[in-house]
Amino acid sequence: MDCLTNLRSAEGKVDQASKILILLVAWWGFGTTAEGYPLQQLWELPCDCSGGYVSSIPTYYTYSLDCGGSTAYLTYGSGTGSWSWGGGFKQQWECVFKPKIIPSVQGQPGPCPSECLQIATQMHSTCYEKTQECTLLGKTYFTAILQKTKLGSYEDGPNKLIQASCTGTVGKPVCWDPVAPVYVSDGGGPTDMIREESVRERLEEIIRHSYPSVQYHPLALPRSRGVDLDPQTSDILEATHQVLNATNPKLAENCWLCMTLGTPIPAAIPTNGNVTLDGNCSLSLPFGCNPPGSIDVSCYAGEADNRTGIPVGYVHFTNCTSIQEVTNETSQMGNLTRLCPPPGHVFVCGNNMAYTALPNKWIGLCILASIVPDISIISGEEPIPLPSIEYTARRHKRAVQFIPLLVGLGISGATLAGGTGLGVSVHTYHKLSNQLIEDVQALSGTINDLQDQIDSLAEVVLQNRRGLDLLTAEQGGICLALQEKCCFYANKSGIVRDKIRKLQEDLIERKRALYDNPLWSGLNGFLPYLLPLLGPLFGLILFLTLGPCIMKTLTRIIHDKIQAVKS
């Protein structure tokens, strides 16, 4: 009876010690879970590569998507960071860079290896690590060291492109034609890149013949935009805020709208609709978009002569519920020169490229989609890491919680599938999409201008990084630069253009009040440098104080338990 009592007492002490450890871990903290975190995980865009970049294709994945310079894989295996605290494996998008293309020496490719006795018509990009051009009998080919063999397959379904095969001897050089058959894809490698560039050149030629070029008089050249926003970008911001105000007014009345610096890649929302065969739409160069995961939607297939057709590619991220074939004869009805989507829509085809219209004699598989800007949202209640005490005291920046626009707008799976019964009319989203389609080229130019300003400013403030966080605050107050994004403040009335200037004035006032404080200037000015040491010092003292007590308690409990078992 005494042994049983001692054993229960020992178990109680172990349980109590475990609770103390849990409390200590909780004291140090895992960090708070951001509001809307599950939604953000659900709506992470594939090409954002939330799971990071890996060197090889993941062993366990359910879906893959071409992202231009890399391929995204939706993994679920036991890789690093894939286990979720809620139980089970957390899916995440991991990206693998595509094979490198080695540039030619002085612009002239060398001769092909002697092992290339036969020239393959296709070679998948997963079968080699890097490639370069070579010449044989006056023709240019690709050559690489074969890493593995592979059979051609319909990985994305029988209505999609055939994935190229890999033939040859592993470890030996292989050569293949840079132009693959029109219905074969090398998984986004150099062959697909050449096809995409060829389509762009064909479309440029069509546009050049369709629309006369504008010649500016030397005395009437357009003036540079400078640091101010052009009307197109302002329209995108205002339209986005209007839609956000209609769907989520609480968030819209106090928030930051953040645009990614560099080339914008809008998000595509697959929809169903009716295309028109009147050709009354403008044709422009395709632009990249960021699609969601796999979804069921109607598809459009273009059939034409392989020799004269324009291969726009085959969409990968969707399952076709139905396929409407647009043959060459159909597209020539009424002297039609292009296939037009409904207003506010685009065609999304191969390599995630969006087309405002499809030219005559196009070849491929496309879907209809609306697009929303590449904009993230920061709640106005989120503390923005302005360069005040944080940087004066040499503290690290706080992580800013960005909310994807799809989450902020409340676009659900029902919306993506074309469902009805939405709180806000789908017409509202299409209106925003139409605005973005019209201004996508100008939008790219404006954001690139802002990127140039960051680069110029970075050279000036290379030793004072705080300047990057108030970009253009002293140059007109355009936006706040946070984590490679350009953020604009908005309230219920719209975009507030003087917000950055007000923040700058408030920051100067706070710094002046801080430096005027005698405590701050104490210790001959060493106090700002001592503050960063207080946190680690306090943690060390706490560990040295509680550590021996915890270890002593655990040792005594284990010793008592062993003695109880022996007796």
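Just so you know, glycine gets a Cβ as well, placed from its N, Cα and C.
Of the listed segments 3-19, 105-121, 292-308, 462-478, Swiss-Prot assigns region 'Immunosuppression' to 462-478. Segment annotation: Swiss-Prot labels motif 'CXXC' over residues 255-258 (candidates 23-26, 255-258). For the recorded site, Cys479 (disulfide bond), the DSSP three-state label reads coil. Considering only the recorded positions Cys479, Cys549, the Cβ with the fewest other Cβ atoms within 10 Å is that of Cys549. Between the CA atoms of Cys486 (disulfide bond) and Cys258 (disulfide bond) there is a gap of 5 Å, rounded to the nearest whole number. Distance between Cα atoms for Cys258 (disulfide bond) and Cys479 (disulfide bond): 9 Å, as a whole number. Cys549 (S-palmitoyl cysteine) sits 48 Å from Cys255 (disulfide bond), counting Cα to Cα.
DSSP assigns Cys258 (disulfide bond) to a strand. Residues of the topological domain 'Cytoplasmic' (547-567) grouped by DSSP class, helix first, strand second and coil last, total 20 helix, 0 strand, 1 coil.
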